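Taken straight from TrEMBL:
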- Thr144, Gly160, Ser163: phosphoenolpyruvate binding site (BINDING)
Amino acid sequence: MLKVMQLARWSIVVPVKTLIRAKTRLAGAAGPYRADLAVAVASDTVAAALACPLVARVVVVTADPVPAERLAALGAHVVNDPDRGLNAALRVGAAEAVQLAAGDAVGALQADLPALRPRELERVLTAALEFDESFVPDAAEVGTTFYGVRPGIAFRPRFGGESRARHLSGGAKELALEAIPSVRRDVDTVEDLKEAEALGLGPATIQIAPHILRA
Ligand SMILES: Nc1nc2c(ncn2[C@@H]2O[C@H](COP(=O)(O)OP(=O)(O)OP(=O)(O)O)[C@@H](O)[C@H]2O)c(=O)[nH]1
Ligand SMILES: C=C(OP(=O)(O)O)C(=O)O
């Protein structure tokens, strides 16, 4: 009898800061568009993740009703942020993901990847299934854009600042993959936004970016 191998699927946890505190490094350049930009980049990140065939669900963790409503409308499962910092928020999202589907792998994805391509995320998630714990460094090779664990493995995210070094020293496997620029291109500055634009922005961010880049 023919046996069909079932590849594990993923729950992807996306943390979204309260808008009043979001995208502060872009405050000068974005002016009145700062909050709209934060919602737009999170929307494009979540929509692209949901379009990836290996993603079974996206769990958004936020304390803010505005992104909560926008991201739920895209199909995300939204849980409340206990407001004890980024890694605590991610752990809450991961616990929810395990409640929803204990047999799925769990990943954390930064919310500021407005050029994210589902095909590139699929490459990352396929590679990540080969290791108990793994991560993708950001484009600057200082931070982290994705961290994930196989089903049943403890989820121990160490995001914040120079998180690449912390994920490495904690024993997570760095996924050194070609052809995943959109997964690594987080946006914290105007230069980052220009680079994301060059990769191709998602439909929400493409509406806002011209107000910031060509004001
Ligand atoms: N739910 C939640 N998400 C957070 C928290 N802190 C940061 N994040 C998210 O974590 C990712 C990285 O955030 P940061 O780079 O620290 O913040 P940012 O708003 O993108 O930019 P800056 O204000 O310029 O630092 C983004 O997806 C944020 O929305 C938190 O306390 N709770
Ligand atoms: C939180 C992080 O990123 P950034 O502050 O650069 O968005 C990180 O890379 O761990």
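Including glycine, each Cβ sits where the backbone N, Cα and C put it.
TrEMBL does not curate its annotations; it predicts them automatically.
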Are there any residues in the same chain, six or more apart in sequence, whose C-beta is under 8 angstroms from the C-beta of Gly160 (phosphoenolpyruvate binding site), and if so which? Gly85, Leu86, Asn87
Which residue, out of the binding-site residues Thr144, Ser163, shows the minimum number of other Cβ atoms inside 10 Å of its Cβ in this structure? Ser163
In the same chain, outside Thr144, Gly160, Ser163, whose C-beta lies within 8 angstroms of the Cβ mean position for the phosphoenolpyruvate site? Gly143, Tyr147, Pro157, Arg158, Phe159, Gly161, Glu162, Arg164, Arg166, His167
